[in-house]
Amino acid sequence: MSIKSDKWIRRMAEQQGMIAPFAPELVRHNGTGKIVSYGTSSYGYDVRCANEFKIFTNINSTIVDPKDFDARNFVDFVGDVCIIPPNSFALARTVEYFRIPRNVLTVCLGKSTYARCGIIVNVTPLEPEWEGHVTLEFSNTTPLPAKIYANEGIAQMLFFEADEVCETSYKDRGGKYLGQTGVTLPKI
């Protein structure tokens, strides 16, 4: 299994629709100033966070249960900046929609710019033949409020091509998050 380069990522995005919308180069400015970078890097693709957020709240005194998740655990927020409370958690989604080829495993990692501020993005795989917007999970590990910027870089995707095609893909087994759009809550 080998990691794929910027040339491969560009080709797959432009010819196969693997990433849409797609930035063929790393973007560091938005016309008004510096931003957290997004787009194609040497061996990965830095994704942007959309402006839809779900922020954890305890106002309803519910219990967090992955088998029986209560949507009242979150407050919905739309905006260019999301403030995550101290020692709390938020969900968002990528701007980009992904279509992962059958012979590729993609891994989502956090960007060091955010990690150095105590904001951690969950490491998660995008399995062969999965497609959709990626739901992103952010933990604010600090005792202070923390900012997440919409439409700027938030995480990096690494693409690994397998030596052989998998026998059963995410699509084949009817994966529960296949084709997700928007911020998707846990499912069983």
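Using the three backbone atoms N, Cα and C, a Cβ is placed for every residue, glycine included.
Values in this document were obtained by computation on a predicted structure and should not be read as measured data.
The feature dCTP binding site is assigned by Swiss-Prot to LYS111, SER112, THR113, TYR114, ALA115, ARG116, THR135, LEU136, GLU137, GLN156, TYR170, GLN180. Feature annotation from Swiss-Prot assigns active site, proton donor/acceptor to GLU137.
Positions of the features from Swiss-Prot, shown on the structure.
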{"residue": "LYS111", "record": "dCTP binding site", "Cβ within 10 Å": "19"}
{"residue": "THR113", "record": "dCTP binding site", "Cβ within 10 Å": "13"}
{"residue": "ALA115", "record": "dCTP binding site", "Cβ within 10 Å": "13"}
{"residue": "THR135", "record": "dCTP binding site", "Cβ within 10 Å": "20"}
{"residue": "GLU137", "record": "dCTP binding site", "Cβ within 10 Å": "17"}
{"residue": "TYR170", "record": "dCTP binding site", "Cβ within 10 Å": "20"}
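Maximum C-alpha to C-alpha distance over the listed dCTP-binding residues LYS111, SER112, THR113, TYR114, ALA115, ARG116, THR135, LEU136, GLU137, GLN156, TYR170, GLN180 is 33 Å. In three-state terms derived from DSSP, THR113 (dCTP binding site) belongs to a helical segment. DSSP classifies TYR170 (dCTP binding site) as coil under the three-state reduction.
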